[in-house]
There are 2 protein chains.
Amino acid sequence: MAGTLQFLMSSAGIGEDADHTHVMAICLFVTLLCACIVLGHLLEENRWMNESITALILGFCTGIIVLVTSNGSSSHILQFNEELFFIYLLPPIIFNAGFQVKKKQFFQNFVAIMLFGVVGVFISFAIISAGSSFVFPKLGLGKLLIQDYLALGTIFSATDSVCTLQVLSQDDTPLLYSLVFGEGVVNDATSVVLFRAVQKLTFDDFTSMEVLQMSGSFFYLFFSSTVLGIATGLLSAYIIKTLYFARHSTDREIAIMTLMAYLSYILAELLFLSGILTVFFCGIVMSHYTWHNVTESSRVTTKHAFATMSFIAETFIFLYVGMDALDLDKWKMATTTVGQSFGLFSTLLVLILVGRAAFVFPLSALSNYMCKSANTKIGIRQQIIIWWAGLMRGAVSIALAFNQFTISGDAKNPEFAAAITTTIGVVLFSTVVFGMLTKPLIHWLLPPHLRSYISDTSDPPSPKDVNFINDFNVPLLLDSNQRGNSGFFSGIVSRHSSLGMLLAAPTSYIHDLWRSFDDSYMRPVFGGRGFVPYIPGSLTIAEEDEHHPSHF
Amino acid sequence: MAGTLQFLMSSAGIGEDADHTHVMAICLFVTLLCACIVLGHLLEENRWMNESITALILGFCTGIIVLVTSNGSSSHILQFNEELFFIYLLPPIIFNAGFQVKKKQFFQNFVAIMLFGVVGVFISFAIISAGSSFVFPKLGLGKLLIQDYLALGTIFSATDSVCTLQVLSQDDTPLLYSLVFGEGVVNDATSVVLFRAVQKLTFDDFTSMEVLQMSGSFFYLFFSSTVLGIATGLLSAYIIKTLYFARHSTDREIAIMTLMAYLSYILAELLFLSGILTVFFCGIVMSHYTWHNVTESSRVTTKHAFATMSFIAETFIFLYVGMDALDLDKWKMATTTVGQSFGLFSTLLVLILVGRAAFVFPLSALSNYMCKSANTKIGIRQQIIIWWAGLMRGAVSIALAFNQFTISGDAKNPEFAAAITTTIGVVLFSTVVFGMLTKPLIHWLLPPHLRSYISDTSDPPSPKDVNFINDFNVPLLLDSNQRGNSGFFSGIVSRHSSLGMLLAAPTSYIHDLWRSFDDSYMRPVFGGRGFVPYIPGSLTIAEEDEHHPSHF
């Protein structure tokens, strides 16, 4: 491939200009993406590999070939581009995560997820920052400031939710999936927010007042990002319910859903909030309301189109990271010796391992203590898997590292170059080595005959042949009597002591409360399940052609 | 919106940096796209408006607001970007056109389409080039070279297929739709190819040998682009048929189809071919083979996802052109007086009107003479509509004008700036004024009671409530006996005189020939209709969840 490219580059006179180089890069990437998908399919049954690792390795090999054929000159074209990552690749992944997540399990484990995703990041951040600021100077890297060490702490606290999800199955291990996945999303958001907070710190007059301010702005960001996501999702549901009630137009519906989801992300970024959190909650709200207000064809299309977009973006990121590993300029600029590099690399790996262990086990115990219901208990084997599955570092780490240690792609000094190359090394190693070991580890710790016992949930796993629409139904513990009640609280504040219920099963109580509120106030305005009557077996895919014939 | 933006821009300290400006531009565009879709829906029944005009006007108004609130400084952010247009926005539109076109009608009118799309462009090109080189110097624009006039000829020969299609209905006027649409695609490709040929001309030693070379390279481009598109389409069909025969995975299928369609375009651009033609034929082949090899969910998803992508890209282009109209730098640089500007503008409009009339009417007569079958006869009323519906100029014209008259977005001299502003003026005027008059004109020339008589086709218009899959079935004039034949030519070279058939109805004969070839050699290798048995009423949308449960 690269040989052909070089041939083309040299033979075509116009090939040298910037435009054509760009076309060539796109062509190379699209070809590699196709190759990844085909290879990923062929390797699907393989126990050690997954699509991320395939893409990473394929990208790495292509990087070598490009580097060799271009005599080291073209490594710079393929340099990691923060903007591309944060503005175009990350949003579809996180949105799809919110859109397809099983809401019931997510909210059932909400406490544990928040503990891991928020408190956990702070613990890991403290350990990695402290550890690296203690060890790095001894390895000869004296020029890093306290701010850089704090940045390193956040960079290596961001787990890679993309890769993690490929090894866990929502159907086989629902509790683990929900925990690790939920943590991944919240963790990404926390890391990015914390990273921004660290970058804004001024260390000249570092008072406790400032720490208080920082925590204040942190919670403000968390809260307002969530509210923005929910608001955008509800707006989309309202628009589609109001405008398209009588005459459905599939193309417009899909376009509105896609654009408003993206709008929530980009609006959050514009307002300096956390786009990741916003688009995640927007996805949840859209799957709960908007998705039920559209035609059958739109439902099928959005479900698969969003998943496909996310899939392509994921594969693209891993290809990109793989190709970017050979950023020769950085490697040349980092004046560290092999020993030093190895020291930095292994220090960080150890700190990541310790930093994650330091919060997974204590916080699991705390979560078990707080939530007494049997189906959210986290066993010791599961704790080990949670610890291990969150060790991988990915594109978020690289993006943050580039943001901290480069100015428009170029490292400022050898120390910064070393920080970048070490980050790339850690990401590659953790994704490939830790990633490869995850599936066997799960198999060893939770053999299939144990899974059904350990990872139980209150609802039976849905049979595979059931229509996928059931995934979105979320029966949510309500019986038909309660659903029939239309007055807020009427199903809850009944003869049963509500205080007693709160103490016995807080999650379930809050959930019932929400359910009543949803039925009484939200659904009448925003639609949602049951808005468009769905009769199984009578899919009328052609219905929108009737209403919108002129648009080809 | 713009007020909020300005507020944000000034209040947020970091708002000034390039990254954030970019985020703001994206946010503005996404918001406007949503607004366009909602407005377009509300105005759907309106006789004068269509989505293109709505987007154009909305973009124009936003441009004014942005310009006013930013005191004329931010007009440059929104400048037309050729790369964005040719690499990202045009491919989905043309691919979707090929994917959703009714193949039967397209190939039935192939001769007429090629006459209009190829010969017509040359006639229009000659008239506009000659006319402008005659009139422009008299208006005081002396500095344009012969090459610039030839470029102007190609720029204003490119009709706007996007806008045109919104006013014609594939169901109400199938013959007109097929002709105007087919011409639009071929015309775009011809114009781009011709434009490139003109740019490469050296006028120092302009010999007849060179003209011959130019025509040679023109036909080479046409042929090789088509072959590349067909080859990529067939490859995608083959990959999906071979790899996913037993276990279908919807997300991967959709990803492969999307990526390979895009690959065909970008590969053609890389090889200096015409990406438009390539991706158009790739779309046709994909809808004929690949689309039938995938799961039911993939079919629904690709059909709607491609249409939605195309829809968003179209709306985006018109918004963009509308906003770009107020490119103050160009207007200031163009030192032409109001009288001169008006002279240029009206000269070009007249030349466009004459240039199109000069080929539509003679070539229609020629086509009527060549194809004697009643159902491809083009009546005089239809000729007028074809003439009128192709008068609109759009984004292709603007993109080519920027390519010819600017260096990285800035005009080289006042004459070039005037050429750009005149192009923008012609595009706006023709889209809004000509576009608004098209629907009423069709209504006047072809009142509904006449349409069924005038625009007859050999097959009855499909009832609206039929499953959309029928759109892709393309019964293609074959009865069940012929389909049953498996030997090549066996259905054709039979007792009936094949020569007699050729003389009587050449299109139908070629079509039957193709059909036999398709059944005997192509379908066994590349799949196609009937590959995955389709049983109406038994849509198994959940089937891929069974095969690919781990991917969320």
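Cβ from N, Cα, C; glycine included.
Bear in mind that the values here come from a model prediction, so they are computed numbers and not experimental data.
Among the features that TrEMBL reports, transmembrane segment is placed at B:20-43 (among others).
Among the features that TrEMBL reports, domain 'Cation/H+ exchanger transmembrane' is placed at B:34-443.
Here TrEMBL flags B:55-72 (among others) as transmembrane segment.
If you look at the transmembrane segment (B:84-101), the same-chain residues 6 or more away from its ends with a CB under 8 A from one of its CBs are 161-162, 165, 178, 181-182, 185, 188, 261-262, 265-266, 269, 275-276, 279-284, 286-287, 291, 302-303, 306-307, 309-310, 313-314, 316-317, 320, 395-396, 399, 471. TrEMBL lists B:84-101 (among others) with the feature transmembrane segment.
Same-chain residues lying 6 or more positions outside the transmembrane segment (B:113-136) and placing a CB less than 8 Å from one of its CB atoms are 106, 144, 146, 149-150, 152-154, 156-157, 178-179, 182-187, 189-191, 194, 222, 343-344, 347-348, 350-352, 354-356, 358-360, 363, 366-367, 386. Marked as transmembrane segment by TrEMBL: B:113-136 (among others).
If you look up TrEMBL, you'll see B:175-198 (among others) marked as transmembrane segment. Packing against the transmembrane segment (B:175-198) from elsewhere in the chain are residues 94, 97-98, 101-102, 105-106, 108-110, 112-114, 116-118, 120-122, 125, 147, 150-151, 153-155, 157-161, 164-165, 168-169, 214, 217-218, 221-222, 225, 272, 274, 276-277, 280, 375-376, 378, 382, 385-386, 389-390, 396, 400, 403-404, 455-457: each is 6 or more residues past its ends and has a CB under 8 Å from a CB in it.
Residues or ranges marked as transmembrane segment by TrEMBL: B:218-240 (among others). Packing against the transmembrane segment (B:218-240) from elsewhere in the chain are residues 118, 189, 193-194, 197, 253, 256-257, 260-261, 263-264, 267-268, 271, 273-275, 277-286, 288-290, 293-294, 525-528: each is 6 or more residues past its ends and has a CB under 8 Å from a CB in it.
According to TrEMBL, the feature transmembrane segment maps to B:260-285 (among others).
The transmembrane segment annotation in TrEMBL covers B:305-323 (among others).
Per TrEMBL, the feature transmembrane segment maps to B:343-363 (among others). Sequence-distant neighbours of the transmembrane segment (B:343-363) (same chain, 6+ residues past either end, Cβ-Cβ under 8 Å): 112, 115-116, 119-120, 123-125, 127-128, 131-132, 135-136, 139, 141, 152, 156-157, 336, 383, 386-387, 390-391, 393, 418, 422, 425-426, 429-430.
Sequence-distant contacts of the transmembrane segment (B:384-404), counting only residues of its own chain at least 6 positions beyond either end whose CB sits under 8 Å from a CB of the stretch, comprise 80, 82, 85-86, 89-90, 116, 148, 151, 154-156, 158-164, 167-168, 176, 179-180, 183-184, 187-188, 191-192, 195, 199, 317-318, 320-321, 324, 352-353, 356-357, 360-361, 364, 378, 419-420, 423-424, 426-427, 430-431, 434-435, 437-438, 441-442, 445-446. The transmembrane segment feature in TrEMBL is assigned to B:384-404 (among others).
The transmembrane segment feature in TrEMBL is assigned to B:416-437 (among others).
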Counting only residues 6 or more past its boundaries, what in the same chain has a CB within less than 8 Å of a CB in the transmembrane segment (B:416-437)? 48-50, 52-53, 56-57, 60, 141, 144, 148, 152, 155-156, 160, 163, 167, 318, 321-322, 324-325, 327, 330-331, 333-336, 340-341, 344-345, 348-349, 352, 388, 391-395, 397-398, 401-402, 404-406
